[in-house]
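As structure tokens, the structure follows; a few thoughts come after it.
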Ligand code: SF4
């Protein structure tokens, strides 16, 4: 049995792949990318059918953050020419949310820049959640406000929040290279607080920051351990005016391999393509729908996405369907969003044993060949664990840092929607 057959079988059983298997997915060659997508697509369809969940970002407060996350256009000292504004009023946020919901979104993600909310900020967001829920009976609301203090997750839950997003972003080993004003442990703590309060946890990563394949596998395994219900995968948007502006490391094929790896490691979890989808996947976006079951509709926090109509057309043309408000996103064994984080106890995507704002980055709430080891249809003998590991390590060194053309022409600072007088893109 070759690598991909093994991974499909494991994905259908919710069994954790070995690290070498996950590394081997990242090490597959561009020639094998369709085989990788087809295999991970089987796992995606088993747990989520042809459904695509749409999420809509509302940036409640933009820019002027005191934290120094290198990837973020809102960071301390950022020279990026983004919109900067303080808290939207509840009715302003509700209007922006309504545009996304009218466009087909079932979840609204309320995001605010900053290290974390004050209790007064939690009051503001609670009022905003109420304003949105008063107008839209079945909407899911996710808050993304940074690091939480004791009791704040519970207050958000009581106010009607269904979920809380806080990304791990990168591996524990490299976290200090990306951010110095808070720690990886701080981030883990906030995800655990959200879980403990009965909120559906949303936590993901950013690929494309110069990390190694091992780092990517590390963060995805850490996420599986934390067991969020949704995992946004951001592909770094290297904003001019931020320290990572020159980090153009991603090709469409690498993005597909990363999404496939995440799907194999977290098979029954909502995998969301987040920021950088248009910038890095470009015309290959429809293939990514075979891996992820969730995307953001329209614009991101500080950058513009493709037109909401183009998102909907892409989903339909690729043979997928937009998940309706009445449909349950997660497989039954995980429980439903809104009822807490589900019955993860029976395995799910890992145990609670032990991942933003972080999604404030490129995307949003919530960027990022070697040896042919995947066993494509025509190939060769099944790869042994040793050969898989060896190929992975060689290709990883070769591929992870491979420079690509800077596509600054595809990075558009958001100039419409929340915080402006112009209509939102939805
Ligand atoms: S990711 Fe969040 S905490 Fe970090 S700089 Fe951006 S807004 Fe601030």
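Even glycines carry a Cβ here, placed using N, Cα and C.
Automatic prediction, not curation, is the source of TrEMBL annotations.
Some features that TrEMBL has for this protein:
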type	residues	note
DOMAIN	47-277	domain 'Radical SAM core'
BINDING	65, 69, 72	[4Fe-4S] cluster binding site
BINDING	109, 142, 202, 272	[2Fe-2S] cluster binding site
REGION	394-426	region 'Disordered'
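Shown here: features listed in TrEMBL, placed on the structure.
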| residue | record | Cβ neighbours (10 Å) |
| --- | --- | --- |
| 65 | [4Fe-4S] cluster binding site | 23 |
| 69 | [4Fe-4S] cluster binding site | 26 |
| 72 | [4Fe-4S] cluster binding site | 33 |
| 109 | [2Fe-2S] cluster binding site | 31 |
| 142 | [2Fe-2S] cluster binding site | 28 |
| 202 | [2Fe-2S] cluster binding site | 33 |
| 272 | [2Fe-2S] cluster binding site | 32 |
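Rounded to a whole value, the Cα-Cα separation of residue 142 ([2Fe-2S] cluster binding site) and residue 72 ([4Fe-4S] cluster binding site) is 20 Å.
Only 65, 69, 72, of the binding-site residues 65, 69, 72, 109, 142, 202, place a Cβ under 6 Å from an atom of ligand 1. Considering only the binding-site residues 109, 202, 272, the residue whose Cα is spatially closest to the Cα of residue 65 ([4Fe-4S] cluster binding site) is 109.
According to its DSSP assignment, residue 72 ([4Fe-4S] cluster binding site) is coil.
Residue 272 ([2Fe-2S] cluster binding site) sits 21 Å from residue 69 ([4Fe-4S] cluster binding site), taking the CA atoms of both as reference points.
Between the CA atoms of residue 202 ([2Fe-2S] cluster binding site) and residue 69 ([4Fe-4S] cluster binding site) there is a gap of 19 Å, rounded to the nearest whole number. Geometry remark: residue 69 ([4Fe-4S] cluster binding site) versus residue 109 ([2Fe-2S] cluster binding site), CA distance 20 Å. According to DSSP, residue 65 ([4Fe-4S] cluster binding site) is assigned to coil rather than to any helix or strand. Rounded to the nearest whole angstrom, the C-alpha distance between residue 109 ([2Fe-2S] cluster binding site) and residue 72 ([4Fe-4S] cluster binding site) is 18.
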